[in-house]
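S.K.: Pulled from Swiss-Prot, these are the listed features:
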{"type": "BINDING", "residues": "His74, Ala115, His116, Ser117, Gly147, Ala148, Asn176, Tyr283, Glu365", "note": "thiamine diphosphate binding site"}
{"type": "BINDING", "residues": "Asp146, Asn176", "note": "Mg(2+) binding site"}
Amino acid sequence: MYDLLKTIDDPADLRRLDRRQLQPLADELRAFVLDSVSKTGGHLSSNLGTVELTIALHYVFNTPNDRIVWDVGHQTYPHKILTGRRDQMHSLRQQDGISGFPRRSESEYDTFGTAHSSTSISAALGMAIGSQLNGDDRFSIAVIGDGAMTAGMAFEAMNNAGVSEDAKVLVILNDNDMSISPPVGALNRHLARLMSGRFYAAARAGVERVLSVAPPVLELARKLEEHAKGMVVPATLFEEFGFNYIGPIDGHDLDSLIPTLQNIRELRGPQFLHVVTKKGQGYKLAEADPVLYHGPGKFNPAEGIKPSTTPAKKTYTQVFGEWLCDEAERDTRVVGITPAMREGSGMVEFEKRFKDRYYDVGIAEQHAVTFAGGMATEGLKPVVAIYSTFLQRAYDQLIHDVALQNLPVVFAIDRAGLVGADGATHAGAYDLAFMRCIPNMTIMAASDENECRQMLHTALQQPNPTAVRYPRGAGTGVPTVKEFTEIPLGKGEVRRQTSQPEGKRVAILAFGTMVAPSLAAAEELDATVANMRFVKPVDAALVRELAETHDYLVTVEEGCVMGGAGSACVEALMESGVIRPVLQLGLPDLFIDHGDPAKLLSQCGLDGAGIAKSIRERFLNPAADVAGQAKRVA
C-alpha cells in the first residue's frame, strides 16, 4: 500500500517520476490524506480537492527555490506529505505535532505562514519583488480559493501586482465553488461556462473600489461597466489588472495542469491561472456534503461521520444561535451579520427562519463591521457574529466606524481564548486587550451558557457598542433560562466567600471561562471568588470592597495579561487608593501552539490546580507570610 508515495521524501523525488506515474501517485496521496485525517481529525474536503494541483506544482516548479504560498493554508496536507512530513501526519494538529497550516519554522517548503484568508497574493508579490531586488530568478506562486478572492486584500494585492511587469508571480485561483459557508450575493452568478460568478463579480467590485478614486483610470471604469453587461470576455478583466489570464482548466487533470504550468514557467510578469476543482474529490461522502467534511473529528471512512449517540452539552455557539432567533422573534429590528461563517457561528437556523434579516457578507470582516454601523444609524439592532481572531481584521472599523460614533452594534465574539487544534493563528487571546482601550465599548465575558444568553440580551439593550465573548465548544452543562434577565451594567457577583483569618484572605477576581477553575482552586485554598462579568466597565466598587476585606487579590482571565481584564482591576484598585498585592494570571506572552485545550490551559497554569499553585507560591508560602507581615507593620 502506498508503494509510490513511500518513495517520495521531498519534491526532488517527485520530479524523478515518469509522468505516467503521477496519477497513480495522486490516487495514493488522496487515500493517505483520507486515512490520516480520519484518525486525527482536521480539514478534509479542501485537501482532497488539491491533490493533483499540489503534485503538479511541485513537479513543475523547483521548490523550495520557487516559492508557493497557500492562502488560508488548511488545504496543505498533500503539500506537507510530499515535502518530507508523510511520517508525521499521525501527529497532525496534536500537541507537539505538526501544524494544520503552513509554518515557516516547520519546513523550508512552507515559505509563508498562513491561516487567515486572502493574504497569499500580497505575500507572493512581496517575495517576487524581493527576489528581483536580490537578483534571484525564481517564481512566487499564490494559491487562493474563490472564497478568499472575495476579500478586499486580495484585490489590493492584484492591483499592486499589475504594475510589476517583470515580477515572476503566478496567482492560481482554486475555484472549487465553495468556501466554508456557501458564497453569497452577486458573487454567486455565473458569467461563463466554468467561470466562477462570485469571483468575477468580486473582481469587478474590487477593481472599482481600488481604482475608482484615481482619475487616470476613468477609461478602465468604463470598461468595467462593459464587463458587467457581458460585453467583454471575462479574461479581459484580469488583463486590466496587468495579469496574463489563462484558463479555466480542470484542476484534477494532470495532463492539463502540467503542460500549462510548464508553459507559464517560461513567462515573465504577473500570470493568472484559473483552475476548477471539487472539494472532497475522490471520497463520495465528502463530495456530497463538503461542509460536513470540511473539518471533521475522527471518523471511520467506510461509514462516514455518524451523529453522536450520547447527549452532548450545549455549545456556546448553539446558545448564541438560539438567543438570536429568540430575539428576532420578539423584535423585527434585530438583524444578524456574519463574515462567511454561517455554520461556525451558529446562524443556520436564523437564516432559515429570518432570511430577510440574515446577511452573510463573505470574507469581509472590515465591511461587516461598518455595514453593521450603517444599519445601526437607521434604527436597526445589528448583531455581528464573529470569531475573536477575525475581529482583529476589522479593528479600525470597530474604532472609527462604530465606537467613535457610539453606535449600538452587538459583537458576539466566538472562539474567545484558546481554540485547540487550530493553534496560535486562531487563538482568541487579544480581544479583551484591544477592545478595552476603545472609548464607548462595553465588554462582557460569559462564565456559563445561561450567563452567555443573558449577557447577549443585555448587550442588545445597550445604546452603545457592546461585546460578549465566549469560548469554542461545549459549556459547563448549566441549563439556559428561556426568560430574559438584563444584567446590571458593570456589576459582578461574589460566588464564594473565604473563611480564612486576616493575613491569609485571598480574593480571586475571575472573568468568563476562568470562573469554574477559580472556584475549584478556591475550594482547595478556601478563597473568595468573584465572577466579574464585565471587563468594561469593570466593577470598581466590587474591586474596592474585595481589596478592603482581603489581604491578596488574584485576577484570572483566558486572554493575554498585558492590557487585559486583570489590568482593568489593577487600574480600579489604584483609583480606589487601597493598596493590596495583586497576582495577574492569564495567557503567557507567547503564541500558543495547537493541542488539546484543557491540556494547554493546564500548561498555562489556568486550571484549578494551576491557579491554586500560583496563589500558594506567590502569597501563601512562609516567605510571602513574612513579607506580608513586614508590609503590614510598615
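A Cβ is built for glycine as well, from the same backbone N, Cα and C atoms used for every other residue.
How buried are these features, and what lies next to them?
M.R.: The Cβ of Glu365 (thiamine diphosphate binding site) has Pro339, Ile386, Phe390, Leu391, Arg393, Ala394 as same-chain neighbours under 8 Å, each 6 or more residues away in sequence.
Secondary structure from DSSP puts Asn176 (thiamine diphosphate binding site) in coil.
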S.K.: Near Asp146 (Mg(2+) binding site), which of the binding-site residues His74, His116, Asn176 can be found within 10 Å, Cα to Cα?
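M.R.: Taking His74, His116, Asn176 one by one, the ones whose Cα falls within 10 Å of Asp146 (Mg(2+) binding site) are Asn176.
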S.K.: Highest CB neighbour count within 10 A among the binding-site residues His74, His116?
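M.R.: The residue with the most neighbouring Cβ atoms within 10 Å is His74.
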S.K.: Measure the Cβ-based neighbour count of Asn176 (thiamine diphosphate binding site), defined as the other Cβ atoms within 10 Å of its Cβ.
M.R.: 24
S.K.: Looking only at DSSP and grouping its letters into three states, which state does Glu365 (thiamine diphosphate binding site) belong to?
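M.R.: For Glu365 (thiamine diphosphate binding site) - judged by DSSP and reduced to three states - the answer is helix.
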S.K.: Given the thiamine diphosphate binding site residues His74, Ala115, His116, Ser117, Gly147, Ala148, Asn176, Tyr283, Glu365 in the record, what is the largest Cα to Cα distance, rounded to whole Å?
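M.R.: In whole numbers, the farthest two Cα atoms are 32 Å apart.
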